[in-house]
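A.B. asks: Below: one structure in structure tokens.
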Amino acid sequence: MEPVDPRLEPWKHPGSQPKTACTNCYCKKCCFHCQVCFITKALGISYGRKKRRQRRRAPQGSQTHQVSLSKQPTSQSRGDPTGPKE
């Protein structure tokens with residue numbers, strides 16, 4: 001064991017960083033690649049914001065879904081069935 005400079009932070013010690021970069025793979029080897037991989041992949045802990053998935057848009061030529069929606073009867077609005085009070 002080689003001596004470590006006590007002024008260095010623990011995460012900057014030699015040998016603390018893996019020689020290969022982290023990947024998006026979730027196999028057992030990659031899950032135990034480093035501490036960050038273990039926490040995020042093996043334990044599933046992430047503190048970042050979750051990205052919202054964008055819906056797939058239909059091609060420009062297909063408007064059939066919108067047409068079929070307009071043919072359906074409109075549902076009554078929820079709320080007071082007697083109407084607005086004045």
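Glycine is treated like the rest: Cβ placed from N, Cα and C.
Residues or ranges marked as region 'Interaction with human CREBBP' by Swiss-Prot: 1-24. Per Swiss-Prot, site 'Essential for Tat translocation through the endosomal membrane' is recorded for Trp11. Under the heading Zn(2+) 1 binding site, Swiss-Prot lists Cys22, His33, Cys34, Cys37. What Swiss-Prot lists as region 'Cysteine-rich' is 22-37. The Zn(2+) 2 binding site annotation in Swiss-Prot covers Cys25, Cys27, Cys30, and the record cites sequence analysis as its basis. The region 'Core' annotation in Swiss-Prot covers 38-48. Summarising the annotation, Swiss-Prot assigns compositional bias 'Basic residues' to 48-58. Here Swiss-Prot flags Arg52, Arg53 as asymmetric dimethylarginine. The compositional bias 'Polar residues' feature in Swiss-Prot is assigned to 60-79. What Swiss-Prot lists as ubiquitin cross-link is Lys71, and the listing cites sequence analysis.
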A.B. asks: Closest of the recorded positions to Cys22 (Zn(2+) 1 binding site), Cα to Cα, picking from Cys30, Arg52, Arg53?
C.D. replies: Cys30
A.B. asks: Grab the same-chain neighbours of the region 'Core' (38-48) for me: Cβ-Cβ under 8 Å, and only residues 6 or more beyond its ends, written as numbers and ranges.
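C.D. replies: Contacts of the region 'Core' (38-48) (Cβ under 8 Å, skipping residues fewer than 6 from its ends): 26, 30-32.
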A.B. asks: CA-CA, which of the recorded positions Cys34, Cys37, Arg53 lies nearest Cys25 (Zn(2+) 2 binding site)?
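C.D. replies: Looking at Cα distances from Cys25 (Zn(2+) 2 binding site), the smallest one goes to Cys37.
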A.B. asks: With DSSP helix as H/G/I and strand as E/B, how many residues of the region 'Core' (38-48) fall in helix, strand and coil?
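C.D. replies: The region 'Core' (38-48) comes out at 5 helix, 0 strand, 6 coil.
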A.B. asks: As a test of reading the model: what is the averaged pLDDT for the region 'Cysteine-rich' (22-37)?
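C.D. replies: PLDDT averaged over the stretch: 90.
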A.B. asks: Report the member of His33, Arg52 (the recorded positions) whose C-beta atom has the most other C-beta atoms within 10 angstroms.
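C.D. replies: Compared across His33, Arg52, the most Cβ atoms within 10 Å surround His33.
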A.B. asks: Between Cys30 (Zn(2+) 2 binding site) and Cys37 (Zn(2+) 1 binding site), what C-alpha distance do you get in Å?
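C.D. replies: Cα-Cα distance, Cys30 (Zn(2+) 2 binding site) to Cys37 (Zn(2+) 1 binding site): 7 Å.
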A.B. asks: Could you check the binding-site residues Cys25, Cys34, Cys37 and say which one's CB has the fewest neighbouring CB atoms inside 10 Å?
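C.D. replies: So among Cys25, Cys34, Cys37, the binding-site residues given, the one with the fewest Cβ atoms within 10 Å is Cys25.
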A.B. asks: Within 8 Å of the Cβ centre of Cys25, Cys27, Cys30, which other residues of the chain have their Cβ, at the recorded Zn(2+) 2 site?
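C.D. replies: Checked against the 8 Å cutoff, the neighbours are Thr23, Tyr26, Lys28, Lys29, Cys31, His33, Lys41.
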A.B. asks: Let me know how many other Cβ atoms fall within 10 Å of the Cβ of Cys22 (Zn(2+) 1 binding site).
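C.D. replies: By my count, 13.
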A.B. asks: Please report how many Å separate the Cα atom of Arg53 (asymmetric dimethylarginine) from that of His33 (Zn(2+) 1 binding site), as a whole number.
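C.D. replies: The separation of the Cα atoms works out to 28 Å.
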A.B. asks: Report, as a single number, how many Cβ atoms besides its own are within 10 Å of the Cβ of Cys30 (Zn(2+) 2 binding site).
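C.D. replies: Excluding its own Cβ, the number within 10 Å is 17.
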A.B. asks: For Arg53 (asymmetric dimethylarginine), what is the tally of other C-beta atoms lying within 10 angstroms of its C-beta?
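C.D. replies: Around the Cβ of Arg53 (asymmetric dimethylarginine), 6 other Cβ atoms lie within 10 Å.
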